[in-house]
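Colleague: Questions regarding the structure given below will be posed in turn.
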Ligand code: ADP
């Protein structure tokens with residue numbers, strides 16, 4: 001029996017999201033998530049996509065990630081998709097921070113795990129949860145190849161001029177302070193899919209990708225390689241996000257500490273959790289913000305305008321970085337669904353060859369599509385992102401190559 005299934009795991013500090021895919025035809029066999037791990041009110045939602053596909057939900061305490069993964073394994077087994085199946089080829093893990101070392105998906109062994117642990121100081125909120133997920137999955141299936149797919153990997157091609165902050169080099173290097181970028185799996189998938197949509201090879205296309213979810217980032221992709229991105233040392237830099245401020249004068253932090261009397265932890269929470277759209281107007285869901293704008297709510301209007309102003313600045317900046325732009329691609333929750341955001345971000349940029357067709361922009365859909373008028377020199381695209389499929393594809397391709405290498409070494 002051939003092994004073509006890949007389980008994709010995305011471990012957060014108190015959650016575990018998963019998808020089981022069959023790479024023979026890229027079909028999803030099951031999806032689900034465990035939330036509030038470690039609390040009394042943990043919840044597992046599991047949807048098998050074979051058979052009748054009815055969602056199942058369990059509530060009740062799930063103590064830790066090990067218990068969570070075991071509960072997921074039991075749900076999958078109940079659908080005949082158990083983790084002990086010979087059809088399972090590998091487990092692919094989303095790992096947020098791969099530093100400079102991990103430029104590609106990597107088969108996990110003890111040394112790789114140690115290196116991911118070494119990166120915890122630069123990703124204290126994310127890497128520990130990813131490490132827990134990896135350890136748990138390895139304990140459950142020690143014989144199975146496990147692959148780490150890094151959020152930072154796609155951005156490791158950024159030139160030093162884009163990746164370095166203009167601060168003292170020795171201090172920066174000592175503390176590994178530089179711009180790493182995140183959402184890389186999405187930027188890679190969306191830039192490649194945009195090239196396909198234009199009927200061109202990725203090497204021949206320059207794309208600005210706008211990943212606008214609750215977290216948001218922009219990237220400039222030249223010929224399939226990332227040359228700049230808006231997130232930096234952490235996912236706080238860049239665009240206005242649901243709850244994060246994005247760019248600000250770093251002296252705001254000194255001011256809030258010295259004059260405002262806030263602690264570093266309070267400022268951290270302020271900028272990461274209480275800023276962005278929610279800080280500006282009390283809502284971080286673009287649907288709600290648009291509803292308020294349409295009702296004439298001034299605070300929501302200002303939040304929307306600040307969001308769009310920043311987005312436009314990045315489009316202009318990355319246009320200049322790339323020199324020639326073939327397409328701009330909108331993706332993630334806001335980018336895929338919020339037609340007013342897409343229209344406003346591109347409005348007034350006709351001189352740059354950019355325009356959105358109102359009717360095409362209003363059409364909803366799950367497929368990659370163009371929303372620019374035929375005459376537009378720079379195409380505007382909506383490309384639904386699929387990070388799980390990308391992680392599964394990269395994992396499957398790597399495991400195939402890995403096994404081929406092992407076979408050759410054995411001969
Ligand atoms: P993340 O993965 O960063 O949590 P998503 O990419 O799922 O986020 O995006 C979530 C956001 O997408 C929501 O907070 C909301 O603002 C926005 N969103 C989702 N659906 C719509 C919609 N129909 N119209 C406008 N915005 C939407």
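Glycine is no exception: its Cβ is also placed from the backbone N, Cα and C atoms.
What TrEMBL says about a protein is an automatic prediction, not a curated fact.
The annotation Mg(2+) binding site is assigned in TrEMBL to 10, 387. Sequence annotations record features per position, and here TrEMBL assigns ATP binding site to 17, 211, 212, 213, 214, 215, 285, 286, 287, 333, 334, 335, 336, 337. Residues annotated as substrate binding site in TrEMBL: 94. The active site, proton donor/acceptor feature in TrEMBL is assigned to 151. Residues or ranges marked as site 'Transition state stabilizer' in TrEMBL: 183, 244.
Help me picture these features in the structure, burial and contacts included.
Modeller: In sequence order, 94, 185, 186, 189 are the residues near residue 387 (Mg(2+) binding site), counting only same-chain partners six or more apart with C-beta under 8 A. In the three-state DSSP assignment, the secondary structure recorded for residue 387 (Mg(2+) binding site) is helix.
For residue 212 (ATP binding site), the same-chain residues 6+ apart in sequence whose C-beta sits under 8 angstroms from its C-beta are 239, 311, 330, 331, 332, 333, 334, 335, 338, 341.
Look at residue 94 (substrate binding site): DSSP puts it in a strand. Neighbours of residue 94 (substrate binding site), defined as other CB atoms within 10 A of its CB across all chains, total 22.
Less than 8 angstroms from the CB of residue 151 (active site, proton donor/acceptor) sit 94, 95, 96, 97, 98, 182, 183, 184, 185, each of them six or more residues away in the same chain.
Counting Cβ atoms from all protein chains shown, residue 183 (site 'Transition state stabilizer') has 29 others lying within 10 Å of its own Cβ.
Taking the Cβ of residue 244 (site 'Transition state stabilizer') as reference, residues of its chain lying under 8 Å away and at least six apart in sequence are, in sequence order, 215, 235, 236, 271, 272, 273, 275, 276. Look at residue 244 (site 'Transition state stabilizer'): DSSP puts it in coil.
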Colleague: If the criterion is a C-beta within less than 6 angstroms of any ligand 1 atom, which of the recorded positions 151, 212, 244, 387 pass it? List them in sequence order.
Modeller: none
Colleague: If you draw a 10 Å sphere around the Cβ of residue 336 (ATP binding site), how many other Cβ atoms fall inside it, taking every protein chain shown into account?
Modeller: 18
Colleague: Express the distance between the Cα positions of residue 287 (ATP binding site) and residue 10 (Mg(2+) binding site) as a whole number of Å.
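Modeller: Spelling it out, the Cα of residue 287 (ATP binding site) and the Cα of residue 10 (Mg(2+) binding site) are 26 Å apart.
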Colleague: Which of the listed binding-site residues (17, 287) has the least company, meaning the fewest other Cβ atoms within 10 Å of its Cβ?
Modeller: 287
Colleague: Measuring Cα to Cα, how many angstrom lie between residue 214 (ATP binding site) and residue 10 (Mg(2+) binding site)?
Modeller: 17
